Amino acid sequence: MYSRSARVMVLSDQSYRIRLQVHIEIRFEVGEHGDGDPFDGPGGTLAHAYFPVYGGDAHFDDSERWTIKTYRGTNLFQVAAHEFGHSLGLSHSDVKSALMAPFYRGYDPHFILDQDDVSAIQALYGTKTNSRGSRPLPPAEEDPALCKDPKVDAMFNTKDGEIIAFKGKHYWKLTDNGVASGYPRRITSTWKELPSNIDAAFTYRNGKTYFFKVIAFA
């Protein structure tokens, strides 16, 4: 699903010595938060995101009651999917059943992308290829040292305040002084069901961490 394709970092107010490049910044804010587009409290504006030419950052109103898999509150996944659509370059759609329609429809337990959404993202990024036999051989195992290449797939703060960075099939824990001892580690050593090349991750105020990964454009 294209809504899972953003590489993101959830920033904290602390200053860290390691400066990593990220593509999209996701923040939960209240009221005026520095972009000239203040949030209005519960109800009203739920979130906003910027097109790629403006950086693609996505901001969510932390005054809302964000929930997952329940009809109560506002469904975080569906709103995030809509906003990440903007981050990827999609405008609002006039198709009422589309994810990119300019209104929140409420929680849908059977949510899938409308064909209008699929066509729009394919127009920007192309379609999935299913050609067998053309799959490249996996690269040789390399030293996954983070500092050799500061680009990461995703980065987030845990509920305990730790900073975790993902790159490929490895992850690192970062400290004020750099990379914590004993890292990198394989993602599957801690999250057995989690795939490689995570595209986004963040920890919500309920302490739960949500991971996003692009599956396909079709």
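Heads up, the Cβ atoms here are built off N, Cα and C, so glycines get one too.
Binding of Zn(2+) 1 is attributed by TrEMBL to His33, Asp35, His59, and the same site annotation extends, among His48, His82, to His48. Remark: secondary structure over the repeat 'Hemopexin' (149-194) totals 3 helix, 20 strand, 23 coil, with classes taken from DSSP. Cα spacing between Asp153 (Ca(2+) 4 binding site) and Ala201 (Ca(2+) 5 binding site): 9 Å, rounded to the nearest whole number. According to DSSP, the secondary structure content of the domain 'Peptidase metallopeptidase' (4-127) in residues is 27 helix, 20 strand, 77 coil.
Here the C-alpha separation of His82 (Zn(2+) 2 binding site) and Asp57 (Ca(2+) 2 binding site) works out to 13 Å.
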